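In what follows, a structure is listed as structure tokens, so that the remarks can point back to it.
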């Protein structure tokens, strides 16, 4: 049994997989963070299907592209406003420079189809027909965006550009002077791309083709063009087995608008370049099952070696994290791990999809894959910091758009262009048009007595109107002065009120500052006390450790003495038992000897009694001569055999 953050069944939809796994990576990409997503598993387990999809059910890659362009569609910069350099950086151009570059590119003799009339390849038209219209929630509307895509593959530990227009050929053998291939099997690898490190210590592929795209269809068409060049082969386990690791890189450049919300801010420091790498790993396989030979065997060896290096890097990272060691991670042992070194060092979020084929033949390989994938969940890397703010007011684009709409509306109302100073000029025109028109002042005849009276009458009317306007102006000035005085008085009262409030606030602030100083002093005192207590606790801990060590040594000594005592008691018990047994035997022997001696004495007494009885009962007719003691001693009486001793 193995545990993972998410487990998807065999009938899971591509949309559900995308929402859980890839959607957070796309949202991070739009926020300016990097992301890495790769599929891992045994050959034939469905990695390419998961990444690319099938007709009618687009995979993770087309859905990521659709979400990006659905989110930033109305905020995209014009083509060539962003320009990538050769050192993994990006520059920003003005609209004029971008227009000149577009015209220069259009003048080149390359047939191009307009974006609106592009005919999609029927092979992938159904894959990018995503109906759900997924969007990112937080998109900065005051930025402009540009999307660049590139597509490379890692084949036999060499990196090749799949979007390069040069003829694409695999490894070529050496040829000798007789125009026959060399027999020793040595091969010359074709020219591959080189990995370099930029000024921010990020790895990138030098000289890789990066295409600026403006729609999901255009981006997927670029991907499909490179997908046709990717190396696949027919093996015993998979009819179209991927023989290389493919890496589709989506770069998103974004820069803020200027303060007017009209043009891109021409500061390189404010440009944010984030990238999302979608990696379709080649499957691990056993050559004994695939029956690989020649090039297929060589490819399988390089695939397994790169996957083993990936596994080693993950295990070393996990060991450094668990045990606090600082072992060197062998990123450079493989181009795959070297390219994504920054992700494992914490320069973005990494997600891995493990594809498993529930075939009995793949049991051992599937166990190895899941064991490695479960270990990778324990590896944690640092997360990058958020990008700095540009310091401009948000909502610039919307305000600029509203201003343009209002300006165009006024132009439509006036029916012509709006000149500078519209308020003042329109008031002056209205003022002069309100006066009566002056009559013709030409005197063609000396007897003309109508022109001058008409002119005098018109001037008098104008004078009266001017006086009326002057009186009205004086009234308005007086009213305005009154309003100003009232406003001044109200401002003065408000100033006094504000001054009083400010004085109260200052008193409050002064009191709070005093309280803060008192608290700071108290904090310093408490910190000093804490430091003393920590030192005392350290001393007590040291004494406690010493006492514990002494206690442990004494307890060990007591245990040794107890064991010695037990051994001595056992030895004494053995000696006591042995001595008691010995004395029991000796006592028995002595008792037996004593019994024998007593029996002999009894027998002698019995004999003597018998003899005495015989003497007493014998008739006294003849008294025998009493033998002397010497003769009795010489003549020894025969003795009967003594009875055997009692047991």
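These residue numbers are counts, starting from 1, taken along the chain as shown.
Just so you know, glycine gets a Cβ as well, placed from its N, Cα and C.
Taken from TrEMBL, the feature ATP binding site applies to 41, 42, 43, 44, 45, 46, 47, 48. For residue 47 (ATP binding site), other Cβ atoms within 10 Å of its Cβ number 23.
Sequence annotations record features per position, and here TrEMBL assigns coiled coil to 502-578.
Taken from TrEMBL, the feature compositional bias 'Basic and acidic residues' applies to 619-637.
According to TrEMBL, the feature domain 'Kinesin motor' maps to 1-379.
As annotated by TrEMBL, region 'Disordered' applies to 615-647.
Neighbours of residue 41 (ATP binding site), defined as other CB atoms within 10 A of its CB across all chains, total 24. Cβ neighbour count for residue 44 (ATP binding site): 23 (other Cβ atoms within 10 Å of its Cβ, all protein chains included).
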